[in-house]
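> Before we start, here is the structure in question, set down as structure tokens.
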Amino acid sequence: MSLQEEIIAQLGVKPIIDPEEEIRKSVDFLKAYLKKHPFLKSYVLGISGGQDSTLAGRLAQLAVEEMRAETGDNSYRFIAVRLPYGVQVDEDDAQKALAFIQADVSLTVNIKESADAMTKAVEATGAKVSDFNKGNIKARSRMIAQYALAGSYSGAVIGTDHAAENVTAFFTKFGDGGADILPLYRLNKRQGKQLLAALGADPALYEKVPTADLEEEKPGIADEVALGVTYNEIDDYLEGKSVSAQAQETIESWWHKGQHKRHFPITVFDEFWR
């Protein structure tokens, strides 16, 4: 079995999907988790205005609506939280995403003060916090806020990790990579677009250029620029298609480099890193 085949099998990616079937699978998955854990009454998710959080947010809202209808328990709810660092340049996109999601509760927690305070506290030791490192502090500050809200609302935190992001490990460890449940896992980027289209989303919500937008020295840098490979190439690879030698090498290099992000903290019994 080639490495490409191993990765596809591990991430569970299908070459062709039925969007309606995958929507139902994710909604049922989210409902099943709530049913298994009756002390949980909500889902919490940070909404950036990008494709992934827009899709995960709408799926979560559908899940809690069905839970209310099926159980008669109106305490189930979805909490969408905006987590800007100061003023977000594409705030209009985030508001359009919220309008599409129609969350039960929409909140805003501005992370600038907390992220800046942590950066300042660390630099007070004499350490230098790079722009890239501060970007990770921002991502982790956002997850702190989401878990604080989940604690207040008897909730679980939804993550937006999907196959195209997972294969490249394009997420912050214990930041956006830290969550309780991943309803998009198994889908690549173009398949996520198909689900949003099937849900009736405005194409503007999933056709915008994806960006993590964490670095102040490189504001709005596109994911594809940071990765050195396009999402179309990543998606083709994950669907078992042939890609250029350069694209394959880049994708597989990210896969190897990011292995530590896909595991809990390493123990003496772990072998993957040796």
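Using N, Cα and C of the backbone, Cβ positions are placed for all residues, glycine too.
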> Which candidate from Thr119, Thr125, Thr211, Thr250 does Swiss-Prot annotate alongside Gly46, Ile47, Ser48, Gly49, Gly50, Gln51, Asp52, Ser53, Thr160, Lys189 at the ATP binding site?
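Candidate listed by Swiss-Prot for the same site: Thr211.
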> Which of Lys134, Lys173 shares the deamido-NAD(+) site with Arg140, Asp180, His260, Lys261 per Swiss-Prot?
Lys173
> State the Cα to Cα distance, in Å, between Thr160 (ATP binding site) and Asp180 (deamido-NAD(+) binding site), rounded to an integer.
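The Cα atom of Thr160 (ATP binding site) is 11 Å away from the Cα atom of Asp180 (deamido-NAD(+) binding site).
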> Where does Ser48 (ATP binding site) sit in DSSP terms: helix, strand, or coil?
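SS state of Ser48 (ATP binding site) = coil.
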